[in-house]
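As written in TrEMBL, here are the features:
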TRANSMEM  A:6-29  transmembrane segment
TRANSMEM  A:41-66  transmembrane segment
TRANSMEM  A:72-94  transmembrane segment
TRANSMEM  A:108-138  transmembrane segment
TRANSMEM  A:144-161  transmembrane segment
Amino acid sequence: MQGNRNALKVAMVSVLTAVVVVFTMVVRIPTARGYLNLCDVAICFIAFTFGPWSAFIAAGLGTALADLISGYAQWAPISFVVHGVEGLLVALIVQKKGDATVSVGRKVLAAFICIATVSLGYFALSALFISTVSVAAAEIPGNIAQSAVGFALGLVVSAAVKRAYPPVSSLTW
Amino acid sequence: MTTNTYIAGKGWLYRFDPRAKLLLMLLMCVWFFLPVTLLHLALVVALVVLVGAHSTGWHHAWRTVYSISPMLLFMILFMPFNVREGVPLVSIGSFTVITKEGLEQALRLMSRFIGITYVCTLLFATTVMHEVMLTLRWYHLPYKASLVVTLAFTYIPFIADSFSQISESHRLREAEDEQKKKVGQRLKDLVPTLTSALVVALRSIPNLAMSLEMRGFGRQERRSSYHSLDAYHHVCTNFLLACIIPLAFWLASMLF
């Protein structure tokens, strides 16, 4: 039985990682430091639907793999940390017991944490390891816009997927 | 969607043991942060690009630099203005626009950035993905983690293909031109496409879990593997070289 559960966890994380990679690579808007994309939609969807650990692994691994594939290998470790933590924190905030609904206050807090984690995380790690404070600071508005749009779309998509495919609720880890 | 970063070739980098290559990549990334002169840094970056391009071709080298060109442009445009102290190079009246130190710092950052990007890209361009996974497992990456990465790579083309098909079919139903829509409307129209693509992806999870169980995932016996890194000879020599190359660069920068 434990083996069955483990197989399901591995299958779930693998497919969700692939989803994050595809969402990161499908829509790309080039910027000074890299590109803006839809990865936050996938990450917030996973955080709302699948729980903290799935969100942490799929978000971190998915964005890191997307960076590796796209030729932005130097950002892979930064993306792993920033987006992994983003997924984990958002999922922990919106985590609910049973069929209880998530309050608006918690959703707003999750949105704030999501935006702060992405923008400040990229700013700090990028300024520290890759570029400089001024170059990293120039990307903050873009990251804020990307994560805010990603959070809103993730929320909407999560509700739509739960309606369209109810068995998804049993896949929480 | 292209998920394969490997470029077929025969250079010495292809014969270099992937485990030692990973170590060399990490040591070179550290080397680029050492306090060496700009000339030494630029020379080492040029040498790395030269050696890499000899193995993978100039097209790959150019493509790598081209992919980071917006960032390089940003650095050269803004960095010199941020460093105010030092010998003035360009001045308007009493206002110093660019200093020697500012320009030097911009060039140093650019060289370091090209160097790190190129060595990281080179590892994946000269090593096939299953060997990268074997290398990570050799460095004690857990089996489950490497299985997740391998399965993710298998599913990326399937999900990307589904997304494209769903996106196209949704676009065909719309009468309005995509370009004429406002950003908000375009994002709103994206929701059905994303939902459909996600449902298609999620439906594959139970099937994948079942096939993993059928293939013996979770059993106690050690799983057989068809791939190994045994084909690489002189592993110790390669590891030694991986340590010597960055050390030699550093000593050369100290002596000359």
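In case you wondered, yes, glycine gets a Cβ from its N, Cα and C as well.
Against the transmembrane segment (A:72-94), stretch A:41-66 has more CB pairs under 8 A than any other of A:6-29, A:41-66, A:108-138, A:144-161. Proximity of distant same-chain residues to the transmembrane segment (A:144-161), defined by a Cβ-Cβ separation under 8 Å and at least 6 residues beyond the stretch ends, is recorded for 36-45, 47-49, 86, 90, 107, 110-111, 114-115, 117-119, 168.
Sequence-distant contacts of the transmembrane segment (A:6-29) (same chain, six or more residues past either end, CB-CB distance under 8 Å): 35-39, 41-43, 46, 50, 54, 57-59, 61-63, 65-66, 69-70, 83, 171, 173.
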